[in-house]
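For reference, the structure is listed below as structure tokens.
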Amino acid sequence: MAAQSRNITELENASVWRLLIQYSLPSIAGMVVYSLYNIIDSVFIGHGVGPLALSGLAVTFPIMNLTFALGTLVGIGGAAISSIRLGRKDQEGTERTLGNVLIMSLIAAVVLVIPTLLFLTEILTAFGASGQTLTYAYDFMLITLLGLPVTYVFFNLNHVMRATGYPKKAMGSTLLSVGINIILAPIFIFWFKWGITGAAVATLLAQVVGMVRVLLHFSDAASTVHFRRGIWQLRKTIVTGILSIGMAPCLVNVCGSAVTVAINRQLADHGGDLAIGAYGIINRILILFAMLVIGLTQGMQPIIGYNHGAMKPGRVLLTLKYGVLAGTSFTTLGFLACVFFPRGIAGLFTDDASLISLAANGLIICVLAFPLIGSQIIIGNFFQAIGKARLAIFLSLTRQMLFLLPFLLVLPRFWGQNGVWASLPLADVLSFIVTLLFIRRFLKYYRLKNRHYLVPGTGKA
């Protein structure tokens, strides 16, 4: 009980900057290691199987985004509800949320896996797979889909673990899983000669280990939130709360799937399988730096959610301020790395000179507005963490559907492949302007609404 009380007291009273470091560093480390696994996995596939295998892997991105979308619908929403209820000292409600997250994770996996497996070949073909790339994509997705229940339980409960005061332990679960993955992947790909299937099997086995560790944590009565009788019935208020908050990141990834399909189709028309492989490389790199910011938001979420629930708006605003500064720094770092070392980065994935040239050129264009991405991710997740689901959803859809998708349909007609790449920074600039307008307006309203909880003239609690 002492440990539980300490975790809660820290969220309410400790230095915001120290809390942000304490909660974010484990999340960032976990996200970076997980992204590095994806990069290393792609490197193994690129060098051990070939450039067409990278293209096949890139074709699976829309389905992977969809699976991730349905997972975040439950995991991110459940984490936000957990921290808000914990901030309100609602222990029973927090534990019921935990039980609902587990049940919803299993339901979501079954709902997605069955129809996708039945029509997997047709789906991959529609997403741009052809010939040998279809074989690679099918082999990878078959194992990935069969293991989806494990994936959802592991990642979604890990989100709740982090949100209820155990950021280091959540990071440990991620690091353990990724470490096992990095060890097994080259063994299965190079030694057992399982090719791209070996990469998928390594991922699944590593996630089984992570899932077991997370389940053991919540089975321990000493944990702040834990399994007990009476939490396994789905409650309408909890389910709707989880879905409303989780809808924003879910829709981001659903729209990301639509965008990825559009990118793959346009690249197939304006460059073929090799151009799709180039996008696969670019996507891995951009995700690495985006994951730095997402890790930061995962650390911010329990701080914002708890203090919002505890009516401490000054701490909420201070967390947002520090988050925007740090997030912008991360994406600016990504911009500089990609602009100054594009060929070196692309060369990590393949020895094919043509593929390196395509990827390096695309990488430079894609990151031209990348410094703006950090603040957009932070602000979107801020609205999500305080329960402003509709606003978070709107901002999430703005970049993907209102700007990026139309650019992808129009610009390649005039600029070919470069039109595909240029669509990303143009959409980033316009969506940044929209996000800036909304956050400025909201902050005026938020300070006015909570003026009785703020120190006059300071904007602080």
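Heads up, the Cβ atoms here are built off N, Cα and C, so glycines get one too.
All annotation found in TrEMBL is predicted automatically rather than curated by experts.
What TrEMBL says about this one:
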- 20-40: transmembrane segment (TRANSMEM)
- 52-81: transmembrane segment (TRANSMEM)
- 101-120: transmembrane segment (TRANSMEM)
- 140-158: transmembrane segment (TRANSMEM)
- 170-192: transmembrane segment (TRANSMEM)
- 198-216: transmembrane segment (TRANSMEM)
- 237-263: transmembrane segment (TRANSMEM)
- 275-297: transmembrane segment (TRANSMEM)
- 318-342: transmembrane segment (TRANSMEM)
- 354-379: transmembrane segment (TRANSMEM)
- 391-414: transmembrane segment (TRANSMEM)
- 420-439: transmembrane segment (TRANSMEM)
Stretch of maximal Cβ-Cβ contact with the transmembrane segment (237-263) [cut-off: under 8 Å; candidates 140-158, 354-379, 391-414, 420-439]:
391-414
With Cβ-Cβ distances below 8 Å as the criterion, list the same-chain residues six or more beyond the ends of the transmembrane segment (20-40) that contact it, or say none.
10, 14, 162, 167-168, 170-172, 174-175, 178-179, 181-182, 185, 284-285, 287-288, 291-292, 294-296, 298-300, 302-303, 319, 322-323, 326, 348-349
Give the one range among 52-81, 140-158, 170-192, 354-379, 420-439 whose Cβ atoms make the most pairs under 8 Å with those of the transmembrane segment (275-297).
354-379
What same-chain residues lie close to the transmembrane segment (354-379): Cβ under 8 Å, and 6 or more beyond its ends?
51, 54, 271, 274-275, 277-279, 281-282, 285-286, 289-290, 293-294, 296-297, 300, 320, 323-324, 326-332, 334-335, 338-339, 342-343, 345-347, 395, 399, 417-418, 420-422, 424-426, 428-429, 431-432, 435-436, 438-439
